[in-house]
Amino acid sequence: MANATGLSAPEVAASMGLILAALVEAAALLGNSGLLVVVLRTPGLRDALYLVHLCVVDLLAAASIMPLGLLAAPPPGLGRVRLGPAPCRAARFLSAALLPACTLGVAALGLARYRLIVHPLRPGARPPPTLVLTAVWAAAGLLGALSLLGPPPAPPPAPARCSVLAGGLGPFRPLWALLAFALPALLLLGAYGSIFLVARRAALRPPRPARGSRPRSDSLDSRLSILPPLRPRPPWGKAALAPALAVGQFAACWLPYGCACLAPAAQAAAAEAAVTWIAYSAFAAHPFLYGLLQRPVRRTLGRLARRALPRSPRACTSRAWHPRTLLQRLQRPPEGPALGASEAREQGRDLTGRESLSMSEAT
């Protein structure tokens, strides 16, 4: 098929990679923009500032380094655009600064959730989010400055190597990888591991009997209701879902990039396009992983969706025929004024008089 259309196998692979990369960038832009709007509309969200910071970092990456990956990736990458010395250094700095800002921001979000779940009654032990995010950006700026100490870009006939993997950091590449990926991974693993242990301990704890509860009867139905199910499920299975998803997504997206940073420059340059876009897919996965898994965010999203969608005219009339609404209307007292005893007797006399007159007229 490739020979019939005149395209070789590497060109077909590059075209498919370009399509997938464009889809990842569109998902990152739309998902983070939508989550940012929903988080700003959700009242009482405890980790709102960390989520806003994560959305902003993802949007900055989707607007800067992801288009550069589409246009100026070196062969056999996705694009064929060559950058000059100054744009190449700018691309190096953005990549070396935004990637640690994202990973450290995810680790800060995990630590904030750990403090909210494990130590909910100790607000003094929580540092302010502004101080934490300031430290995150200071560390990201220092790691980005390491890219300026690397070797200068190559002259135009040779590939420029403007990325972090292809010699952008020089001898500082292992140090950058340890601080940008190994440290956030350890923090995230410790935070979500502690959350899982606390949730598992709470799920395995037997429930306390309520005050004033009546003892269970000795009937056959009561005996059957306390029997264990045929396939018992672990009570901590649901508690392990969120930590497993967070740690698994971080490892799947960032572990190949971190290992490539520790590899020799020639091998890292050969696998640059694949591991780079696997890492960039984290920007598209964050809105669904850290946004839609929270119940307040889902409620706000549903409320905004109901406001945006047009309502049918039958929605108002069908509610009047709801059984609960009909029962409430039947139970209402009569709207007319109540009659006294004398008024009731007079009304009865009038009715009997009218009945006698109607009977005489009929005869």
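Even glycines carry a Cβ here, placed using N, Cα and C.
Within the listed segments 131-149, 245-263, TrEMBL records transmembrane segment for the stretch 131-149.
With a cut-off of 8 Å between Cβ atoms, the residues of this chain six or more beyond the transmembrane segment (93-111) that come close are 47, 50-51, 53-54, 57-58, 60-61, 64-65, 68, 132-133, 136-137, 139-141, 143-148, 163-164, 168-169, 176, 179-181, 183-185, 187-188, 191-192, 246, 250, 254, 257, 279, 282-283, 286, 290. Below 8 angstroms of C-beta separation, residues 96, 99-100, 103-104, 106-107, 110-111, 113-114, 117-118, 139, 143, 146, 164, 169, 236, 239-240, 242-243, 246-247, 250-251, 254-255, 257-258, 261-262 of the same chain, each at least six residues beyond the ends of the transmembrane segment (175-199), sit close to that stretch.
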